[in-house]
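Per TrEMBL, the features are as follows:
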type	residues	note
DOMAIN	11-201	domain 'Autophagy-related protein 16'
REGION	55-75	region 'Disordered'
REPEAT	315-347	repeat 'WD'
REPEAT	361-402	repeat 'WD'
REPEAT	403-444	repeat 'WD'
REPEAT	543-573	repeat 'WD'
Amino acid sequence: MSVSTDYKVAVLQQIENRNKLYGRFADIINSHNLLHDQNKNLQKENENLKNELEKNRREISTKAHGTVTGSERSEQVAALEQKLIRIQEELTEVHRTKGARNQQIIDLNFAVQEKEKELIEVKQTLKDKTDEVNKLNQQTSSLETHISELQQANQTLKDEYQALHITYESVDGKLRQCQMDNRDLVERWLKFKHKEAESLNSENDNFKRKSDRKVTAGLQEGAVENTQQARSTHNIYTTIDTSVHPFITTGKVQMLLPQAMISIQLPRLRLNKSKSNILVSKKVSIEEETPPSMYGSHHHCMAVVRLPQLALCKWRAHESEVTATRFSSSGGILATGGSDRFIHIWNFIGGTDKSRLQYTLRGSNGGITDIDMGPQDQILAASSNDYATRIWTIETQRLKLTLTGHGGKVLAARFLGSVHRLASGSNDRTVKVWDVRSGSCTRTFMAGSSCNDLVSADDADCLASGHFDRKVRIWDARISGHAQNEIVVGGRVTSVDMPFDKTTLVCCTKDHTLEVIDLRKSAVVSLFSDDRFKVATDQTRCSYSNDGMFVAVGSSDGSVLTWKVKTGELVSITKEHRAIQLFHAIGWKNSILFIIITKSNFNCVLWVRY
């Protein structure tokens, strides 16, 4: 039924197209038909006139002999002749008009033939195009079917990837737990071995004390028997420091000993311990090489905040500008990033006076702008100039995830209390919160200004960001929309940092000042400045000390300035470089260490107080 209907519609369309084509010649054809009818009428009238003329002539010839006079006949003949001439002229004009119309008809016939040829060509073209459209429709249907199949396969792959990702997270968590259990077992084993060593030391001490007592008793008995002889011969003076023997309380003691006993030496048990890493904040045990029971108790000194004074280690970190740095939470490793698109993981040997490249993380397509490490130092996140943030697993040096979605350079990246949530700030004037497990963006905050740095304000859902428009904004990652608070500072913000108590925030601004903000009051409470402090770049970083008592920043002339937060006193200015350098970033870790990144000669400098 549909085929017959389509055929009728096609025929009707062809008839309508033909009528449109021939409609332009309808007036000419109608006028030609009208002239043709007029010509026939004139021919009939001409025939009638001829018949009437013949009839009149016959009448004239028959009446020539009648009563009609010659003059009357001549008048009738003249009238008839005039009428005949007029009719002949009309006939001539009709023939002329007929010739012109015939010529028009011939021309129109030629035009119609041309149009018919064009119509045939158009019909053929239309047929070809119709066949092509049918083929394209078939291809479209085939492609739509293929796309549907690909979408189903893609969805299946996504589901499988999600399942594998969840499995990987579970296995990775179990691996980390096993590693933590292994470290715990190793530590417990070391403690057990240490206790065994101490027990052995105690036993040796007891044995030595008993031996000392026996020797002392024997010497005293011998001394009593030979007192007179000993007094007459010589006095033997033996001086013993009370810091060496626990049974002697006076400063010096003189004892009478036989000459043969002077060279007696008591054995000592030595228990050596490995030196702890200076980058790791632990209690440092200072032990003599003698047993603790004999030479006094253990002495412990806790690491305290001290201002760095000595540039201990200097090394070339990258082949180009060094743009980012980050210590691990334990302080055991240091990560540096540069415009060469690499991230280097460093540790230090020989008491931190030598740097050692441990890992190199690759995969970034742009220069590194910021680095952050996860809470357990298992993964590392880095933002870059290629509009993306990437996450690596440190132990395997594998690129784990790439987070894309910013429309400009990503200038800052921070973990929000766990390895599963990450915040990033970009010069596209947005701040984004990411779910690392799924790789999706969960929140997008429209800041309205380029974000130069980020910091987690509570290691959970609150984050603070510093912006080009001279504002520090506080965001709640659980709520979409505007910033929860905006604090105006004196210049465009280059960096932000917070101490361990998360109650204050320090920001470095381009008006060459450090401003301390009390987050409880949402106001600037302190401002640090000095004539020697100049901010050179929009990525100049400042840093709090571990106890929050000091804040440090690098100046454009190569010096490092340290202020005391409570009093605002400039307590330290250190400078190692002779030439003027551009300090990019500073990291303060475990109270006694400084890391300073210089941009001009691609070097890193490690500062420490000894």
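Placement of Cβ uses the backbone N, Cα and C atoms for every residue, glycine included.
Here the repeat 'WD' (543-573) is broken down by DSSP into helix, strand and coil counts: 0 helix, 17 strand, 14 coil.
Predicted-model confidence for the domain 'Autophagy-related protein 16' (11-201) is 85, expressed as mean pLDDT.
Sequence-remote contacts of a segment are chain residues at least 6 beyond its ends whose Cβ falls under 8 Å from one of its Cβ atoms, and for the repeat 'WD' (361-402) they are 176, 320-321, 323-326, 328-330, 332-333, 335-345, 408-415, 417-419, 422, 424, 426, 434, 436, 439, 453, 539. Helix, strand and coil content of the repeat 'WD' (315-347), in residues and according to DSSP, is 0 helix, 18 strand, 15 coil.
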